[in-house]
Amino acid sequence: MGGRVSKAVACCCCRSQHHGVVVESSEKTAEEDHGESYELPAFQEFSFEQLRLATSGFAVENIVSEHGEKAPNVVYKGKLDAQRRIAVKRFNRSAWPDPRQFLEEAKSVGQLRSKRLANLLGCCCEGDERLLVAEYMPNDTLAKHLFHWEAQAMKWPMRLRVVLYLAEALEYCTSKGRALYHDLNAYRVLFDDDCNPRLSCFGLMKNSRDGKSYSTNLAFTPPEYMRTGRITPESVIYSFGTLLLDVLSGKHIPPSHALDLIRDRNFNMLTDSCLEGQFSNEEGTELVRLASRCLHYEPRERPNVRSLVQALAPLQKDLETPSYELMDIPRGGATSVQSLLLSPLAEACSRKDLTAIHEILEKTGYKDDEGTANELSFQMWTNQMQDTLNSKKKGDNAFRQKDFSSAIDCYSQFIEVGTMVSPTIYARRCLSYLMNDKAEQALSDAMQALVISPTWPTAFYLQAAALLSLGMENEAQEAIKDGCAHETSSSSGH
């Protein structure tokens, strides 16, 4: 009866409570298997200003972490120089009081490079600010795909792939001297552009002084951690066992309850009903047996990561099918710009038609500024403010007359005073720079407009035009798609 676990598993589980299993190691190292030929830039230290700009001023719209703004440490999505997508974790100010310890830990984790990890690209340590920068994974978490799916449940071959890749990630980290992973759970497993599962690098870093390695419900923490408050490599294996249960059941079942179900041979409660007919008794038996070994009360009786990999590898199915097909998700943002219904401005920017862009910006005026360029408090009415307004008016007139060099000068005067903030001014100066073949300055202005207004489609479209001028077509298409997504969301009232 496929999709149900046979009663024979009870015998396996009972035996595993008393006997460890010795597995011969394979000849290949974890690095050769999972880290080879994976090229990324070297770890670097970023300035706070770089990351502020990359995340549009740490905009709420860019938060991707589970609990949003309420989380003690918030994760944002962003783009470095409008090119590489990144995830930025901003720590609570009290999380890392010792800047030297933070830098040492970050640099150590930043040496890891594997296609099984969402790798750490860099960090920032300025004043009280502590931030980590990692590869951005666009296709959600394992928790989302297992517990909160919408269209369809994750297929059995994909579930097997997830746990194998996760075991390989842990094996690679262990081979590099980073065997400890803090609070391993379904939210730590992310999916990349190709929908391949990756282990978040953030769990590899922990401030030893804060005394907490598990933020989840205590029902899921290893028993030895409850006794000693310390995490060991065997504790990570225990957490891996809870993930095996998640994958098998499609639910977040407390380990003690799961072990009771196994002892009582109540396997129907342990397996996801959505998997009916997708796997054999033998496959289910092996996964439950492996989970029960990982959840052994005695840490020394749990398997090591290499034996996990060797146990899971033979179970793999549909090896030639890409993960994005198993998940029924378009590959790497596979939606082409050509297939999108583009607004006139998006169309003009996608063709880098600067004349058409100018006409649209001139016609739109300052409608998108929501009054930021016009609402002045009483105390602002000074001679300096009058000069500022005059520079704006002169800039607008030059922009209208297509005297783009003068427009740049006048808008720059307005921006330098800094008493008013206008995304439209940056948009107009951006186009003026493009008209003068200054694409890098144009890109900077488009990004600054996004800092002021993080969901403004015009800023994304102008960013695309600047990227096209720099010969960065793929990045330009991503910017167009981002702008279209925000424009669609705005028009639908979300």
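Glycine is treated like the rest: Cβ placed from N, Cα and C.
On a predicted model such as this, the values are computed, not experimentally measured, just so you know.
Scan Swiss-Prot for phosphoserine across SER16, SER215, SER235, SER323 and the hit is SER215. Residues SER208, SER213, SER280, SER489 are shown; Swiss-Prot lists phosphoserine for one of them, SER213.
Geometry remark: ASN73 (ATP binding site) versus ASP183 (active site, proton acceptor), CA distance 14 Å. Between the CA atoms of VAL75 (ATP binding site) and ASP183 (active site, proton acceptor) there is a gap of 16 Å.
With DSSP states grouped into helix (H, G, I), strand (E, B) and coil, the repeat 'TPR' (423-456) comes out at 27 helix, 0 strand, 7 coil. A simple way to gauge crowding: the CB of ASN73 (ATP binding site) has 16 other CB atoms within 10 angstroms, across all the protein chains here. Neighbours of VAL75 (ATP binding site), defined as other CB atoms within 10 A of its CB across all chains, total 19.
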